[in-house]
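As given in Swiss-Prot:
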- Asp80: active site, proton acceptor (ACT_SITE)
- Glu33, Tyr78, Glu86: Mg(2+) binding site (BINDING)
- Arg76, Thr89, Trp451: ATP binding site (BINDING)
Amino acid sequence: MPQLRDSGTRSLHATEPVPSAEMDGFCRIFGVETEYGVAVTGAERPVDAGQVAMTMFQPIVSRSRSTNTYLANGSRLYLDVGSHPEYATAEARDPREALAQDLAGEHVMRNLALKAQRKLRESYGAHATIHVFKNNVDSAGHAFGCHENYLVRRFVPLETIEHQLLPFLITRQLYTGAGRMTPDGFQITQRADFLDEAVSSATTRSRPMVNTRDEPHADPDSFRRLHVIIGDSNRSQWSTWMKLAVTHLVLCAIEDAFRHGVPSGFEQYAFADPAAANRTVSRFLDNPRAELTLESGESVSALGLQRRYYAAVKAFIETHGDALAGSLPATTIDTIMGEWSRVLDALERGAYDALADRVDWAAKKCLFDALKRRRPDVTFAQMEQLELDYHDIANGRLYGSLVARNQMRELLTGDNVEYAVHNPPTDTRAALRGRFVDAALNVGAQFSADWTHLTLTAPERREAILLDPFEAEPTLGFEQLMEALN
């Protein structure tokens, strides 16, 4: 993964102690990194995907002299390995804000693709069409990711996260999976067949479900950045919001239990074989009551385990409700729990059609089932094309038609997304990064940035360190940096 500079924070030390509200409370930083797939159809001769990606990023290179840059909304935009355009959202305090920033990434990628498409047609014919897929597996079977980031308190050991959180992450795919049509049938997740380890610091030699590489992008003595790899890329706004929201509540319960030396209620949920459990969950529709083996020797279904997590979190909320309510600026705990309860009830009843307006895999299953009823002779290749259209944010029509017919719920309006394209969250350090990047671009200054540093490289070198991701107020170093810029 390309870096503008070394963004590790192990060598940095906070000049002031971390505020107790951040360490003792439940506030959190959320972020989503999405890798996109790129393809071209209708060209008069073959076009390499790498060439397409570079054409998309030509305006970025012209402006920033790099394919790796930060934007005025505080996000990061870059080309990942394998010519996959990637967008990493600015730091957000609330799942709803993180969703807005993620949708802003779709908007940015779509605009880059359509501009590149016009240029490509000059050389490859009037029908050359660029497709940008927000999914996780291409037609050749190569997998790429959607990674969630959660700031967690460092006093929680990684072993605790592995044993208590991973079973939740695996089974939450019942309502956050994007679904995938395979030659062997329909799976509710996209990446289960590609993830081979539970936790690891590697991302290329192996494919872990949770990455343990220690890059907190915050005070390293107080926080770690939990880098979740197991999740799918979602088109559904509800699914993106939901996976962040419910994971936050489970993390709060784990952190508080360890903080006070009491049980979280999740201690006995570790899987004997997480990879095997993940593959079983992905094939949920083959046998919704399939049992997963825990380390204790007990067996439980995926839905049964989600019920247990729900009950434990509900009990936790009864004693910590006020503190939890203050942790999220825009999302209520009652809303999260209500949505969680309703989706589990629908899964229990097998009412998958009732989930098609919010759960990606359910929406796609309904589409495939309807197609097979109308055309019993439909081929796998045709269904695969339908699925790709669902995930195509540049020229796809299927997902947009579902939204237009009110068959897919939207949590945010187009105006919300347009605002997030141009503006960072106002209550994290992204506000400062966005302000600096916007000003530097406006005056044509030479600068560099990463998650914790802002640097003016010419005409004079100045740097500001933003170690606290919760802090949106300008530091003295930031004010001096802006003075030098102006």
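The backbone N, Cα and C atoms fix where each Cβ goes, and this holds for glycine too.
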Glu33 (Mg(2+) binding site) - helix vs strand vs coil (DSSP): strand
Other CB atoms, at most 10 A from the CB of Arg76 (ATP binding site): 23
For Thr89 (ATP binding site), the three-state class that DSSP assigns: coil
Binding-site residues listed as Tyr78, Trp451, least Cβ neighbours within 10 Å: Tyr78
Pairwise CA distance, Tyr78 (Mg(2+) binding site) versus Thr89 (ATP binding site), rounded so that it is a whole Å: 12
Cβ neighbour count (within 10 Å, all chains shown) around Glu86 (Mg(2+) binding site): 23
Between Glu86 (Mg(2+) binding site) and Arg76 (ATP binding site): CA-CA distance (Å): 8
Top Cα neighbour of Glu33 (Mg(2+) binding site) in the set of recorded positions Asp80, Thr89, Trp451: Thr89
Cβ neighbour count within 10 Å of Glu33 (Mg(2+) binding site): 21
Glu86 (Mg(2+) binding site) and Trp451 (ATP binding site), distance between Cα atoms, whole Å: 16
Local Cβ density at the residue listed as 'active site, proton acceptor' - other Cβ atoms counted within 10 Å: 18
Listed in sequence order, residues not in Arg76, Thr89, Trp451 with Cβ within 8 Å of the centre of the ATP site Cβ atoms: Gly31, Glu33, Tyr70, Gly74, Ser75, Ala88, Ala90, Glu91, Ala430
Same-chain residues at least 6 apart in sequence whose Cβ lies under 8 Å from Thr89 (ATP binding site): Gly31, Val32, Glu33, Ser75, Ala98, Gln101, Asp102, Ala104, Gly105
